[in-house]
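Asks: The disulfide bond annotation in Swiss-Prot covers C120-C129. Positions annotated as phosphoserine by Swiss-Prot: S140, S204. Annotation comment: Swiss-Prot describes 106-132, 173-211 as region 'Disordered'. For 1-26, the entry in Swiss-Prot reads signal peptide.
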Amino acid sequence: MVSRMVSTMLSGLLFWLASGWTPAFAYSPRTPDRVSEADIQRLLHGVMEQLGIARPRVEYPAHQAMNLVGPQSIEGGAHEGLQHLGPFGNIPNIVAELTGDNIPKDFSEDQGYPDPPNPCPVGKTDDGCLENTPDTAEFSREFQLHQHLFDPEHDYPGLGKWNKKLLYEKMKGGERRKRRSVNPYLQGQRLDNVVAKKSVPHFSDEDKDPE
């Protein structure tokens with residue numbers, strides 16, 4: 001019985017479209033001479049709602065948004081599996097893998113890290129990645145400074161590959177750079193003929209006029 005009603009209504013709809021008739025509730029002022037796809041979708045959605053096939057939408061006005069109580073959740077975000085979008089669920093989504101322009105999709109054995117990060121990723125401990133290093137900002141600054149000054153070809157000619165362990169050993173064995181807490185430009189005798197901006201001029205006793 002239901003299938004007969006659906007076929008009857010669909011045949012009537014096709015007859016309307018073939019005859020060029022436009023229903024009053026599906027009238028579009030932009031295209032008065034032809035029926036748009038949005039009008040067809042609205043008409044089909046109305047038919048499906050009347051037959052109980054489609055679930056009607058529940059929309060809340062803006063002034064009722066603050067009246068919602070209890071936990072609310074939103075479904076259908078990215079990477080939540082295969083979804084069907086659109087008012088009728090006939091638009092399948094595409095689950096794309098998020099990768100950068102220079103980032104390969106898989107890190108196989110032939111695609112190693114040229115400069116492995118810390119802490120070590122899984123399976124990359126033997127590539128020069130450090131495991132037992134201080135997790136402080138000061139060590140990170142010092143390590144990056146030595147990393148730019150480190151020349152493996154000059155310091156270690158037999159080393160054909162970058163190695164963080166040698167740099168770490170060099171940092172622990174060498175003298176630490178002392179921070180300069182005294183401004184060297186403020187030491188020594190001050191010149192009297194140099195006057196700072198917006199300062200009170202100072203005159204020595206020799207420049208005073210004899211009374």
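Glycine is treated like the rest: Cβ placed from N, Cα and C.
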Asks: In terms of DSSP three-state secondary structure, what is the assignment for S140 (phosphoserine)?
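Replies: DSSP call for S140 (phosphoserine): helix.
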Asks: Would you mind checking how many other C-beta atoms are within 10 angstroms of the C-beta on S140 (phosphoserine)?
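Replies: By my count, 13.
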